[in-house]
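**Student:** Here you go, one structure.
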Amino acid sequence: GTAGKVIKCKAAIAWEIKKPLSIEQIEVAPPKAHEVRIKILATGICRSDDHVISGAFKMPLPMVLGHEAAGVVESVGEGVTCVKPGDKVIPLFVPQCGKCSSCRSTRGNLCTSNDLSAATGLMPDGTSRFTCKGKSLHHFISTSSFTEYTVVHENSVVKIDAAAPLEKVCLIGCGFSTGYGAAVETAKVEPGSTCAVFGLGGVGLSAVMGCKAAGASRIIGVDINKDKFPKAKEMGATECVNPLDYKKPINEVLFDLTGGEGVDYSFEVIGRTDTMTAALASCHMDYGTSIIVGLPPSASEITFSPGLIFTGRTWKGSVFGGWKSKDSVPRLVSDFMQKKFSLDPLITHTMPFDKINEGFELLRAGKSIRSVLLF
C-alpha cells in the first residue's frame, strides 16, 4: 500500500497570478498526526479559485488551488478517529474544530481555525505536504483539491454516505451549500417573501433554489448576462432583470418592481462592492435583509450612506451558507440522496482533470455554471 509513503501524482499548480495552471508531478507527504490523506475523485471549478489566479483574492504562491471536491480516504495520521481509509469524504474549506468561539456558539459557523482570512496557505502546524521540483507548494484554504491526492487536517474533512455519486456531491463542498444556505440558514427566508439574487452563477442559482425551498413567492434574478436567465427560471426565479436594460440604478428598478417597497431579502453573489451596496439599497428600508455571499476582493473598501442601515435594514455576511460544516455536509448529502434537491442543473460541464484550464476559460466567458473535473 501507499500508507506512510510519499505519493507522486498529478496536480495543477498556480505558480504566478494571471497565468494558466500548470499540470505537473508533485510529491504528497504522508499525513502527520490528526491529518488525513485523500484521493480526490471529483472537483468543481469555483469562481473563488479564479479570484486567486486573477490576483483579486491574495494568496501565497505557488499554490495547489481547488476547494470544492469529494474523494476517498487513502490513509490517516496518528490519532484520527473521524474517518478511516476507504471512507467517502468531502474536504471542508470551513473547518469545524468544535472548541473555538464560533464552533461553540449556536449562531456561528466560521471556525477560527479557517485559513480564509489568515491566508497562510499552510497546514495548521505551519508546514506544507506538497513539493514540486524541490520547492514547497502552498495549500489552499485547508483543502487543495486540484491534485490526485491532498492532505487535510481532521477538522477539515467529513465522512459522507458511501453510495453518494462524488461527481455530483462535490458541489456540496462549496457552491451549492454556500448559495442554498445563504437563503435557508443565514437569511432564514420566510414563506411568501420577495427575494432578489444578484449574480446567477453556480452559487447564485443555489441561492435561488434556497429561496424557492423556503417558500418565497417572488424570486428576482439580477445579472448582466441574459444567457443566465432561462436556467435561473428553471431553478425557481419568477422573473429576471438585466441592469444594463435600464437607465436608472438597479435598486430603483427593484423598488419599482415591488410597488415601492423593496425586496424582503437580497443576496449579493458576485463579490463586487458596487453590487453589495446596490443589493442593500434594494431591500425594504425597515425590515429588509441583504446577505453578502460573493467573495469580496482583498483590497476593496465600501462606501455607503448610513441612512440605509439607520432605518432598520440588516446587512449580513455568509460563509459556506452559515452551515457548521461537519454537522451539515453529511446531512446535505443525505438530503440530496433523498432527492430533496437536484444538483444536475448546476453541472453544465464534466471534463477530465487535464482540461482544467479549459474549464476556467468557460467560467470566465460566462459559458458554464459548474464544470466538474474527474480524475
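Even glycines carry a Cβ here, placed using N, Cα and C.
Quick paste of what Swiss-Prot says about this protein:
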type	residues	note
BINDING	C46, H67, C174	Zn(2+) 1 binding site
BINDING	C97, C100, C103, C111	Zn(2+) 2 binding site
BINDING	G199, L200, G201, G202, V203, G204, D223, K228, V293, G294, L295, R370	NAD(+) binding site
MOD_RES	G1	N-acetylglycine
**Student:** Looking at the recorded positions G1, C97, C103, G199, G201, V203, which ones sit with their CA no more than 10 Å from the CA of C174 (Zn(2+) 1 binding site)?
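**Tutor:** Hits: V203.
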**Student:** Measuring Cα to Cα, how far is C46 (Zn(2+) 1 binding site) from V203 (NAD(+) binding site) in Å?
**Tutor:** 9
**Student:** Determine the most Cβ-crowded residue among the binding-site residues C46, C97, C100, V293, L295, using a 10 Å radius around each Cβ and all protein chains in the structure.
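**Tutor:** In terms of Cβ crowding, the pick is V293.
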**Student:** For the recorded Zn(2+) 1 site formed by C46, H67, C174, name the remaining residues of the chain with Cβ within 8 Å of the site's Cβ center, in chain order.
**Tutor:** G44, S48, D49, G66, E68, A69, F93, T143, G173, G175, T178
**Student:** Tell me the Cβ neighbour count for C174 (Zn(2+) 1 binding site), meaning other Cβ atoms within 10 Å of its Cβ, over all protein chains shown.
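**Tutor:** Its Cβ shell of radius 10 Å holds 33 other Cβ atoms.
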**Student:** Hey, does DSSP put G199 (NAD(+) binding site) in a helix, a strand, or just coil?
**Tutor:** coil
**Student:** Other than C97, C100, C103, C111, which residues of the same chain sit close to Zn(2+) 2? List them in sequence order, counting a residue when its Cβ is within 8 Å of the Cβ centroid of the site.
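**Tutor:** Neighbours within 8 Å of the Cβ centroid, excluding C97, C100, C103, C111: P95, Q96, G98, K99, S101, S102, R104, T112, S113, N155.
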**Student:** Look at the binding-site residues C103, C111, V203 and tell me which residue has the greatest number of other C-beta atoms within 10 angstroms of its C-beta.
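**Tutor:** Buried the deepest by this measure is V203.
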**Student:** For V203 (NAD(+) binding site) and H67 (Zn(2+) 1 binding site), what Cα-Cα distance in Å is obtained after rounding to a whole number?
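**Tutor:** One finds 14 Å between the Cα atoms of these residues.
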**Student:** If one looks at the chain holding G199 (NAD(+) binding site), which residues at least 6 apart in sequence have a CB under 8 angstroms from its CB?
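**Tutor:** Non-local contacts for G199 (NAD(+) binding site): V222, D223, E268, V269, I270, T275, G294.
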